[in-house]
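The domain 'CP-type G' annotation in TrEMBL covers 14-178. The GTP binding site annotation in TrEMBL covers N58, K59, S60, D61, N130, V131, G132, K133, S134, T135, G174.
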Amino acid sequence: MTIQWFPGHMTKARRQIQEKLKLIDVVIELVDARLPLSSRNPMIDEILQGKPRLIVLNKSDLADPAVTRQWIDFFKQEGHLAIQVDAYTGQGIKEIPLLAKELMKEKIERQLAKGINPRAVRALIVGIPNVGKSTLINRLAGRNIAATGDRPGVTKAQQWIKVGTEMELLDTPGILWPKFEDQNVGYRLALTGAIREEILNVEDIAFFGVKYLVKYYWEPFRERFDLKDQPTDFENPDEIVAVMEAIGRKRGCIVSGGRVDLEKASGILLRELRAGKLGRYTLEAPY
Ligand code: GDP
């Protein structure tokens, strides 16, 4: 699903989440472990109005495990609970209800002291498109919850999904917009397929990706495309373009005169990257 965000959509998305906040105790903020900052909504702190929050780094199966650990430490230092999961297989998701309860610990203890039996913790999943919100809801529910997009004329009551005995989850997530102001954020989102590449130039996206990845994740590149020497000056565009050309030659993207069709080569590279053919990688590090 791709949404074109306009100011009106943002206002509506924000209002919808703020309506849902009234119903819940904790927010589960889902981000992509490969780009934990770039896949966050820029106004998230303001929108959540201080609701207790668990940050979940999803798609950790695709990310660099060492950098994911750094990100978790980073979020913890900022005072948030944070964990990594793979919503696709369900790896790590058992922690979610336990940590949601942890966030409510003081309230639960106060209730117990008054002799009140605390009810299940109520949670809402929020995040930008494509971070895996529906996948996580289905995994936590243990079944497929019908997709409930904003279809005109179709109004559906919100449902609570029981996750064990201690947590209840709203069946529709809060959908938020990504950051637009920073072009590098756009490139990172486009590299992972989170936004439509038509918005940006495909060669520019591939250039951005190659520049970062040959610096930090050279080995899988070298192996897959039979490359020889790692660039020495990553700030030199000629060296990055030379890698793109070598990839194009390897994939047969040659046009008349023996020139490499860089656009075609870029498209192929992006497909292979998104399909995980170049191994696990993270596009931004906290330190
Ligand atoms: P939503 O727009 O946030 O609801 O995102 P979806 O749940 O539709 O997921 C977007 C894409 O990411 C789908 O192709 C999912 O199969 C995939 N996906 C979701 N979670 C994971 C994960 O943890 N690992 C991997 N590899 N893919 C995932």
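Cβ from N, Cα, C; glycine included.
Mapped onto this structure are the features recorded in TrEMBL.
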{"residue": "N58", "record": "GTP binding site", "Cβ contacts under 8 Å, 6 or more apart": "L30, V31, D32, A33, Q84, V85, D86, A87, V131, G132, T135, L136"}
{"residue": "S60", "record": "GTP binding site", "Cβ contacts under 8 Å, 6 or more apart": "A33, T68, Q84, V85, D86, Q91, G92"}
{"residue": "G174", "record": "GTP binding site", "Cβ contacts under 8 Å, 6 or more apart": "A13, Q16, I17, K20, L124, I125, V126, G127"}
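Checked against ligand 1, the binding-site residues N58, S60, G132, S134, G174 give N58, G132, S134 in sequence order as having a Cβ less than 6 Å away from one of its atoms. Using a 10 Å Cβ-Cβ cutoff, G132 (GTP binding site) registers 22 neighbours. S134 (GTP binding site) falls within a helix when secondary structure is assigned with DSSP.
Across the domain 'CP-type G' (14-178), the prediction's mean pLDDT works out to 93. For N130 (GTP binding site), the Cβ neighbour count at a 10 Å cut-off comes to 20, with all displayed protein chains included.
Residues N58, K59, S60, D61, N130, V131, G132, K133, S134, T135, G174 are recorded as binding GTP; their most distant pair of Cα atoms lies 24 Å apart. In the structure as shown, the Cβ atom of S134 (GTP binding site) sits within 10 Å of 19 other Cβ atoms.
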